[in-house]
Amino acid sequence: MEVTLLEATEDPEDLVCKAARNDYSAEFVGGQSIEATMETVEGDTLEEKKETLIGHLLDHGHFGPFEHPQITFAIEGVSRSCMAQITRHRHVSFDVQSMRYVSFDDVDPADVRDGEMVVVPPSATDPEWVGRNQKQGAVDEADVERRAEIFRDTIEDAVESYQELLDLGMPPEDARFVLPIGTKVNIVMSMNARMLMHVADMRAAADAQWEIREMTEELLDIAGEWCPITFDHYEREMKNRKNRLAP
Ligand SMILES: Cc1cc2nc3c(=O)[nH]c(=O)nc-3n(C[C@H](O)[C@H](O)[C@H](O)COP(=O)(O)OP(=O)(O)OC[C@H]3O[C@@H](n4cnc5c(N)ncnc54)[C@H](O)[C@@H]3O)c2cc1C
């Protein structure tokens, strides 16, 4: 998986502060410098004033101003299972690589065993891995070897069958039905800073699946550079709070 930043609002936290100050200021924030907008906020420097205001907004659940800054990510090589999970978030905009227009006819099925085209989850090969709703009890080495063998044989066979169906003239949009849910997909997705915190509440949580959790942690790393005050506060004060929305 690779998560990269495609585009993001410049000076996102100035924008949050301007939007929030607009609510409580008699002055018009349009055309005003950020220094003028923040003049009466507590703090010695502009940075401190932003920390005061942004911390106050987040602590009081005043999330509206965080809807103005937008960010777009490009994500490479997550499973279609992960895609099904992230696309449940209705305030995120998506473009998803099509399997009607892109056919994976040049992939060597033997490479699929090592993670080409299909995500191989750690539980296929790692004896120490603990996942949800797993059969209890000790797992011996032979079980793990067999698990890896079944998983790899199955995905290799599926890709071989898919390519054979393409060769036999089946359209990619139908031949794809034989591919596993772990088949990789590239996604472009955009959301605002408020939504990113909501996605993180749901998907960086311990009960989320490892793949979407890993992806969300990478989104948060990028967000931390983009909106440092906001996401630092989020990570310190909010991320593991008890009353997050639960499914
Ligand atoms: C660990 C985990 C397990 C899950 N398991 C399952 C599962 O087994 N089956 C399954 O189907 N889903 C499952 N989900 C998905 C989950 O139920 C939600 O659909 C998904 O997390 C989207 O989040 P959301 O409901 O907050 O909505 P989002 O689309 O992210 O919207 C954000 C917020 O906007 C508001 N909102 C958006 N649309 C509406 C609306 N129409 N009406 C009222 N308020 C709205 C809500 O406050 C919502 O929280 C799981 C999610 C997680 C994190």
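In case you wondered, yes, glycine gets a Cβ from its N, Cα and C as well.
Going through R113, R176, R194 against TrEMBL, the one listed in the dUMP site together with Q85, I86, T87, R88, S98, M99, R100, R203 turns out to be R176.
Among the binding-site residues listed (Q85, T87, R90, R100, A193, R194), R90 have a CB atom closer than 6 Å to some atom of ligand 1, in sequence order. The FAD site in the record is lined by R88, H89, R90, N192, A193, R194, H198, and its two most distant CA atoms lie 17 Å apart.
According to DSSP, H89 (FAD binding site) is assigned to coil rather than to any helix or strand. Sequence-distant neighbours of T87 (dUMP binding site) (same chain, 6+ residues apart, CB-CB distance under 8 A): F94, V96. In the three-state DSSP classification, R100 (dUMP binding site) falls within coil.
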